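> Taken from TrEMBL, the feature compositional bias 'Basic residues' covers 1-15, 52-62. Feature annotation from TrEMBL assigns region 'Disordered' to 1-62. According to TrEMBL, the feature compositional bias 'Low complexity' maps to 17-44. Feature annotation from TrEMBL assigns domain 'Core Histone H2A/H2B/H3' to 62-116.
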């Protein structure tokens, strides 16, 4: 016989009526109504068991955020130095040293700009760790 899923049945504990008048007794209306907490009250939001706990911050698996950042930065072309002033500066410096180099390809300028900006980023990191002078 094949297994089938059975829906879970909820059993609710209905409070028994407490203020029902029987043949020989009389009860007041205050005793007949059960006391309930307001759903908007702060006491209703936290149970005594959860009062000391804080909600855990969601953490991604290792490497997920790094891969997302790699995809983001591969899509963007935001460089630290704007391209037009950098190109003018490179051409001015190359003309100062030699007049033979007059043309630059776009790929060469982008590669040079990325190399310079990463060098500016990594040089202080290497220098503050004392690794800049030691080559093994």
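Heads up, the Cβ atoms here are built off N, Cα and C, so glycines get one too.
Computed from a predicted structure; not experimentally measured.
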> With DSSP as the yardstick, break the compositional bias 'Basic residues' (52-62) down into helix, strand and coil residue counts.
0 helix, 0 strand, 11 coil
> Could you tell me the mean pLDDT over the domain 'Core Histone H2A/H2B/H3' (62-116), as a whole number?
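A mean pLDDT of 88 is what the predicted model shows over the domain 'Core Histone H2A/H2B/H3' (62-116).
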